[in-house]
Amino acid sequence: MTIMLFGAVGTLISFFIISLGAMYILNKLLNISALEMSLGDYLAIGAIFSATDSVCTLQVLNQDETPLLYSVVFGEGVVNDATSVVLFNAIQSFDLSNINSKTAFQFIGNFLYLFISSTLLGVLAGLLSAYIIKKLYFGRHSTDREVALMMLMAYFSYMLAELCNLSAILTVFFCGIVMSHYTWHNVTESSRVTTKHTFATLSFVAEIFIFLYVGMDALDIERWKLVSDSPAKSVKLSSILLGLVLLGRAAFVFPLSFLSNLTKKSKYDKIDWKQQITIWWAGLMRGAVSMALAYNKFTQSDAKLRKNAFMITSTITVVLFSTMVFGLITKPLVRYLLPSPKHFTSMTSSEPSSPKSFIIEPLLSNGQCSESNGQNVPRPSSLRMLLTTPSRSVHHYWRKFDDSFMRPVFGGRGFVPFVPGSPTERDNPQWR
């Protein structure tokens with residue numbers, strides 16, 4: 001709920017703060033009215049700069065040192081990207097010259113339809129992949145076929161979302177959650193190891209390409225020439241947009257954290273002020289999504305317009321500055337605010353590694369750990385401790401439903417039948 005609160009509601013708050021702030025400040029202080037900015041342009045600016053760059057943020061965070069922070073930032077980043085793209089597409093498709101209540105309801109309905117449909121499509125694609133790999137034995141003894149089938153099914157969810165004009169980012173995200181819970185445990189041990197390192201390698205290579213493309217966009221000489229005669233205005237515009245990013249981020253992280261803490265009784269479940277500052281800072285970076293939306297918006301009519309050149313170069317400046325400056329400061333800031341406990345290093349080194357699914361592990365944990373026998377066991381402060389001492393909450397009832405209905409059909413940890421050449425729970429206690 002915290003991830004959804006920050007990712008969806010927080011993005012909407014940031015969108016309105018940046019849009020309204022840009023509309024007021026740019027006209028009053030910068031006198032940018034000469035560039036003929038329309039209402040659609042200001043709203044597009046809000047959507048462009050409300051999109052955080054989870055890739056840049058996760059590069060400077062360590063999943064083992066700060067697992068809960070990593071999970072919140074990663075989950076919020078995915079939902080944030082989907083929300084920002086939906087907002088941008090809605091702005092492009094709606095007639096903003098005549099805004100009324102009907103247009104507002106259409107916008108809300110479009111957003112809910114896209115979010116729910118993309119989520120369901122991703123879940124169905126993940127369950128389909130788990131069922132196919134569990135029931136079809138033609139690839140059981142072939143690591144190559146199992147790995148290829150997992151990759152193709154994940155890519156299938158992405159392409160299917162694109163064909164249906166849904167949010168492919170959101171679809172593949174939920175497909176990955178389901179596949180890590182069911183499909184990954186249905187393949188042989190060699191396939192598990194291979195898929196883990198294969199996807200980690202592909203992810204790292206893709207992130208490198210993203211940074212390369214952003215750097216190549218910064219060398220757009222033609223647009224830099226159009227704003228070279230007004231360097232002061234360009235710097236002011238970039239500074240104002242960067243300030244609005246800081247303000248828009250703070251406008252929802254701290255209030256929503258306060259509301260989230262009101263619903264939690266245990267102090268270990270609450271987000272303290274140090275974690276709030278870290279989450280606020282970790283989401284300040286802008287990257288490929290902002291660049292893509294900026295080029296999509298301000299190169300449609302005439303790429304040589306002065307307005308378009310100002311907005312694209314300002315977006316490049318904000319992206320580069322936030323990535324390089326904020327990105328370099330993030331890791332020492334995390335180490336200062338959230339120092340790693342001494343017992344954490346030994347605990348992480350002794351436990352088996354698994355796919356990066358910390359976001360859904362508290363909800364989808366398999367429930368093999370014992371419950372407390374009527375005793376008041378304090379809530380653990382670390383995510384890995386939470387997995388070993390689950391509390392009687394929502395995920396307790398989910399585990400009962402999962403073990404009774406879902407795992408017998410779609411497989412998963414402890415529910416895969418013995419097949420020669422495949423891993424067994426008896427021989428591999430770490431998969432229990």
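If you go along the chain as it appears here, the first residue is 1 and each next one adds 1.
The backbone N, Cα and C atoms fix where each Cβ goes, and this holds for glycine too.
Features of the protein shown, as given by TrEMBL:
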{"type": "DOMAIN", "residues": "2-335", "note": "domain 'Cation/H+ exchanger transmembrane'"}
{"type": "TRANSMEM", "residues": "6-27", "note": "transmembrane segment"}
{"type": "TRANSMEM", "residues": "39-61", "note": "transmembrane segment"}
{"type": "TRANSMEM", "residues": "111-133", "note": "transmembrane segment"}
{"type": "TRANSMEM", "residues": "154-179", "note": "transmembrane segment"}
{"type": "TRANSMEM", "residues": "199-219", "note": "transmembrane segment"}
{"type": "TRANSMEM", "residues": "240-259", "note": "transmembrane segment"}
{"type": "TRANSMEM", "residues": "279-296", "note": "transmembrane segment"}
{"type": "TRANSMEM", "residues": "308-329", "note": "transmembrane segment"}
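In summary, the transmembrane segment (279-296) does not lie against the transmembrane segment (154-179): fewer than three C-beta pairs, each 6 or more positions apart in sequence, are under 8 Å. Packing against the transmembrane segment (308-329) from elsewhere in the chain are residues 32, 35, 41, 45, 48-49, 53, 56-57, 59-60, 214, 217-218, 220, 223-224, 226-227, 233-234, 237-238, 241-242, 245, 281, 284-287, 290-291, 294-295, 297-299, 301-302: each is 6 or more residues past its ends and has a CB under 8 Å from a CB in it.
The stretch in 6-27, 111-133, 154-179, 199-219 that contributes the largest number of Cβ pairs under 8 Å to the transmembrane segment (240-259) is 6-27. Long-range Cβ contacts of the transmembrane segment (111-133) within its own chain (Cβ-Cβ under 8 Å, at least 6 residues beyond either end) map to 8, 82-83, 86-87, 90, 139, 146, 149-150, 153-154, 156-157, 160-161, 164, 166-168, 170-179, 182-183, 186-187, 409-412.
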